[in-house]
Amino acid sequence: MKDLLNLLKNQGQVEEFDAIRIGLASPEMIRSWSFGEVKKPETINYRTFKPERDGLFCAKIFGPVKDYECLCGKYKRLKHRGVICEKCGVEVALAKVRRERMAHIELASPVAHIWFLKSLPSRIGLLMDMTLRDIERVLYFESYVVIDPGMTTLEKGQLLNDEQYFEALEEFGDDFDARMGAEAVRELLHAIDLEHEIGRLREEIPQTNSETKIKKLSKRLKLMEAFQGSGNLPEWMVLTVLPVLPPDLRPLVPLDGGRFATSDLNDLYRRVINRNNRLKRLLDLSAPDIIVRNEKRMLQEAVDALLDNGRRGRAITGSNKRPLKSLADMIKGKQGRFRQNLLGKRVDYSGRSVITVGPTLRLHQCGLPKKMALELFKPFIFGKLEMRGLATTIKAAKKMVERELPEVWDVLAEVIREHPVLLNRAPTLHRLGIQAFEPVLIEGKAIQLHPLVCAAYNADFDGDQMAVHVPLTLEAQLEARALMMSTNNILSPANGEPIIVPSQDVVLGLYYMTREAINAKGEGRVFADLQEVDRVFRAGEAALHAKVKVRIHETVNDRDGGSVKNTRIVDTTVGRALLFQVVPAGLSYDVVNQPMKKKAISKLINQCYRVVGLKETVIFADQLMYTGFAYSTISGVSIGVNDFVIPDEKARIIDAATEEVKEIESQYASGLVTQGEKYNKVIDLWSKANDEVSKAMMSNLSKERVIDRHGVEVDQESFNSMYMMADSGARGSAAQIRQLAGMRGLMAKPDGSIIETPITANFREGLSVLQYFISTHGARKGLADTALKTANSGYLTRRLVDVAQDLVVTEVDCGTEHGLLMTPHIEGGDVVEPLGERVLGRVIARDVFKPGTEEIIVPAGTLVDEKWVEFIELNSIDEVIVRSPISCETRYGICAKCYGRDLARGHQVNIGEAVGVIAAQSIGEPGTQLTMRTFHIGGAASRTSAADSVQVKNGGTVRLHNLKHVERVDGHLVAVSRSGELAIADDFGRERERYKLPYGAVISVKEGDKVDAGSIVAKWDPHTHPIVTEMKGTVTYVGMEEGITIKRQTDELTGMTNIEVLDAKDRPAAGKDIRPAVKMVGLDGKDLLLPGTDVPAQYFLPANALVGVADGAQIAIGDVIARIPQETSKTRDITGGLPRVADLFEARRPKEASILAEVSGTIAFGKETKGKRRLVITPNDGSDPYEELIPKWRHLNVFEGEQVNRGEVISDGPSDPHDILRLLGVSALAKYIVNEIQDVYRLQGVKINDKHIETILRQMLRKVEIAESGDSSFIKGDQMELTHVLVENERLGADDKFVSKFTRVLLGITKASLSTESFISAASFQETTRVLTEAAVTGKRDYLRGLKENVVVGRLIPAGTGLAYHSERKRRREMDKPTRVSASEVEAALTEALNSSGN
């Protein structure tokens, strides 16, 4: 028997599984799970509190209430294990079997499962090809349905009401079978022949022409194939047996006072059992049909409520009027099983307390209160005490600890040594929200935190609390030390910059220390070395800010790992020389020879990390902190009312502004300007005045007059406390100082519009009642916004994590040659992000050549580090193709080469890194810093006049990019394409700026010309759209009849006459269909052809076009024939901040999106239909023309006869990402989305690496739509996983069959999360019911590839150290295959053992 137990014990480890399958349960399967039938609705006896027999808590079915004790108490020991008591029928076993044993209820009449009925699209409806309304009428006993028409005229599946049924009975007698209720539905489902139906549908689909019908049929076909493939039978969607949940999962808990708290499920089960028993009785009595029917309907409703309360009709409510929680409610939502218990668990060995500053700690330490440590490390202390022989038993050790004897503290100190603990601060927005530290025991009750890690935790000391967790196992301690230690997390995973940077006091101290003052004590002295400076300063012979000369010895490391020693004399200050003492060897003196503001310090730490490595940097960071604290204390910087110096010019500026406003008011009163103009002008005026005041104030604050050594008065940078705080970046900003010492400025109303009268006072002067009242709006809005923002930002992060959670680095190189083309990011002519920054940490996809030669300077496959970046900049390369997560060809996961550098470590990413989650956290974490509001253009916000020329900022060489142009007689070029760009390159060939050139721009320079800074190189009229000729010839008017299609008008000011084309709706009847045009003819009177085509050169004129040339006039190349006035585009609200990011990631189609050309070809306009214009594009390759109807109000940028390329903008508007993907491909989409998202973050000063956005994009592009199915089993129009399709195509290609063709599809992150391969991950995200219903019907398998699924089933995640565990597990299983015991062998062993034990 012992062997048998061992055998079972070994088989009990269910960890060894690779997939989880979900399906429909057949009645037989439900019975096989069951340990008995629940026949009575009773729960427990009210006197004895023992479970009733055959009731919902029956001990005979579910097992004993107490461990190893039957209900009547006859058997009470472990030795009786497995015995079944003959008196009460209870098996003697552990009480916890009541958590796992299920029961069942035999239903007297079948019941449809509400999930498959009502969860849209209704699965039962699809299979039976009936509408949901009809099926409900049958199920809830309103109509009969014909099951077998026999030889009658009725049809199968036809609905009959009572009257029709009785008529049919009279007419046909028993020749047909029609029933109602779930049994009828079950019969119909049972009768479906899947094979036959699938064959019929596969034939029918290709013969159908209507799109909607094809959609409907292919939906049905998919469902049928799913049923056929999964082995589920359709009739299982109707229940005949109902499983009952184990009682301990729906407990009945006694409260004090003799009352009971019960789970709602018990009420719901009771209802079902009561109705079921009543129905059985009625059937036995053969009661009248109408009563039985009513009871059956009530049973159906009771089961519906149990499975998913409230899905149909009104929810059943309990005694307190709230709806009961059904089985479906148990698993869905934030409080459901998935999110509450499976994904977020509570942890033992943890504690929490308030945090305070630990300025004396080292970076890897934290202060842990003794009381907490004693409690957290209890088991370790017990063990140590016993080992030492200080306590004989655990009990004795416990007593010692409770008494807090002196030995206990010694043991505690020993236990804690080198045992890291994890500190976590909620909300944990990114992985740096949990880090490991070595505990240092402290008195008191607050945890001490190292100041430098505050930035990572986003912590401050105003009452924040943090949690401590103890890693127990050796492996956990190892991971905590090697991966999570605060000293290993110097760089931020979001952008690779240091996150351990000093802030506030430390910055102020270092800044104060490195400032210089004129005529300070000891100015002009020369020192032999740093030690001498130190001695003189300590002796008080030289002031901290004195300008001195010092001889220094420095060791400078170069990039190749070598180092150079040199000695030189530098001009510096005493403070900087003192600071250089803590700088590690290898860095040059120049890094500290400047006022150390926040940015400079950050740069210093970054440089230190790259040059001398991690260990030195950590020591250096600590030294910086200690130094900073020391000197900020010495500086005595504080703040007093006299620091707010109000500028003298303030009154004058405000008076002048008030005068101007009065002037505008009087103009408005006399009707010269409109209300809107007045409002805008006034607001402009005040914002200008405000800027002037703050300028005057800052120049006042930032300078002070002092007398130098020679007795001359000079200006030096001010030592005003407030100015120093703002200037160093320690606290405050110019905007805040402006409110304290300048003027508060314009305020916004609650609706976001700006109030015309500004607050002219500042806080030092004090606000009047009205001014205070106006300013309360803003303050209140700020708080409300913050609360909303936090919730929204959290939800965005959750969606991002969900879509990217299964993306892990799984291999080193996928071997792809594709990538993204990287160019410098240029905005409005300025280079916002140079190429070097964008390619840093990426792998080059294709060889980079020296410009103008064939010489390879960066070979493909190079990981670009700082050294290579300098090299690329030096050689003035302006475009590089780099590997990207989007183009990676790894099947499951991503490869290390396509991802590139692990930003937080600075080397190539390791296999097993969960890059998806890191990307999601990096994008989501700064979400709370983004603004919520949408910016209105108008008022003082961002108002720019339309650009009408290009004025270069830097001198250099002109480069023209894909610009089609013609040359005018005077040598100027005229742009005749829309996408042309003009760039200026410096002497090294590096691009410094780039501008877009609109159609019709006159360019006064040529490719390769040298220009000076500030010169204007191109001009155009922003308010009209010209039509430019591309050849010379004679103008001939076509269809231009005065009064019918055109009208002449004379300009009063200039006396010039213009011809204006009339709008079609203003023309008389004769002119409705005439299309006025200007035609070009040669000297011989023949039509000229457009260059390179056989299309006659005639320019059709749209409505309102102004023609500037006379009939028969000679014109030259590049002349303007006509101008189309452009209304200034409507000012759209620019959605900014968080909503914009969410829109982009959700891939929402914008309202009134821009219209792009679907094909490359020539534009023509067809016949107009009501309110719409017909645009026809004739492709150049001679394929069929493409037609599109465009609303008349859309302003088009193109005219007849013009050439467009696929994807070019025809009508302006916000871009639709789906169009970009369809017409321009994946890389154009990537460029668009990355730039758009970066723009939002850049506005807030947040840096995020592009690759994180690309990583999320990869997940959004997982799906494809089948365009042609070829020989595959796919159906046209299906959405499939890209990897599936590629695998299938490879298989077909190998067999020389036709492969399927597909187009890429962009899904929003929510949709992408729900359509993932893993149903566990999707169900735990959103729409749990729908996901599970779909998965069950199709019998889906979840291969547990992602992180989330593995957390839910309770295994290590397949990332990081868990990846190694999983691959090792698989390897071991391959080796151990033969030794595994099959189920049949276990059964044989069991019977044998039982037989032998029986004898």
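Placed from the backbone N, Cα and C atoms, the Cβ positions cover glycine too.
Annotated features in Swiss-Prot:
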- Cys70, Cys72, Cys85, Cys88: Zn(2+) 1 binding site (BINDING)
- Asp460, Asp462, Asp464: Mg(2+) binding site (BINDING)
- Cys814, Cys888, Cys895, Cys898: Zn(2+) 2 binding site (BINDING)
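DSSP classifies Asp464 (Mg(2+) binding site) as coil under the three-state reduction.
Comparing local CB density within 10 A for the binding-site residues Cys88, Cys888, Cys895, the maximum falls on Cys888. The Cβ of Cys814 (Zn(2+) 2 binding site) has 19 neighbouring Cβ atoms from other residues within 10 Å, across all protein chains displayed. Just so you know, of the binding-site residues Cys70, Cys72, Cys85, Cys898, the Cβ with the fewest other Cβ atoms around it within 10 Å is the one at Cys72.
Other C-beta atoms found within 10 angstroms of the C-beta of Asp464 (Mg(2+) binding site) number 16, with every protein chain shown included. When the Cα of Cys72 (Zn(2+) 1 binding site) is compared against those of the binding-site residues Asp460, Asp462, Asp464, the shortest separation belongs to Asp464. Secondary structure at Cys85 (Zn(2+) 1 binding site), as computed by DSSP, is coil. Each of Ala59, Leu71, Gly73, Lys74, Tyr75, Lys87, Gly89, Val90 belongs to the same chain as Cys70, Cys72, Cys85, Cys88, is absent from that list, and has a C-beta within 8 angstroms of the C-beta centroid marking the Zn(2+) 1 site. Across the structure, Cys70 (Zn(2+) 1 binding site) and Asp464 (Mg(2+) binding site) place their CA atoms 52 angstrom apart. Ranking the binding-site residues Asp460, Asp462 by the number of CB atoms within 10 A of their own CB puts Asp460 at the top.
Same-chain neighbours of the Mg(2+) site beyond Asp460, Asp462, Asp464, judged by a C-beta within 8 angstroms of the site's C-beta center, are, in sequence order, Ile355, Ala459, Phe461, Gly463. Cys898 (Zn(2+) 2 binding site) falls within a helical segment according to DSSP. Cα of Asp460 (Mg(2+) binding site) to Cα of Cys898 (Zn(2+) 2 binding site): a distance of 38 Å. A separation of roughly 46 Å, to the nearest angstrom, links the Cα atoms of Cys814 (Zn(2+) 2 binding site) and Asp464 (Mg(2+) binding site). Spacing of Cys895 (Zn(2+) 2 binding site) relative to Cys88 (Zn(2+) 1 binding site) is 63 Å (Cα to Cα, whole number). Separation of the C-alpha atoms of Cys898 (Zn(2+) 2 binding site) and Cys88 (Zn(2+) 1 binding site): 68 Å, rounded to the nearest whole number. Candidate binding-site residues: Cys85, Cys88, Cys888. Nearest to Asp464 (Mg(2+) binding site) by Cα distance: Cys888.
When Cα-Cα distances from Asp462 (Mg(2+) binding site) are compared across the binding-site residues Cys85, Cys88, Cys888, the shortest belongs to Cys888. Calculated from their C-alpha atoms, the gap between Cys88 (Zn(2+) 1 binding site) and Cys888 (Zn(2+) 2 binding site) amounts to 66 Å.
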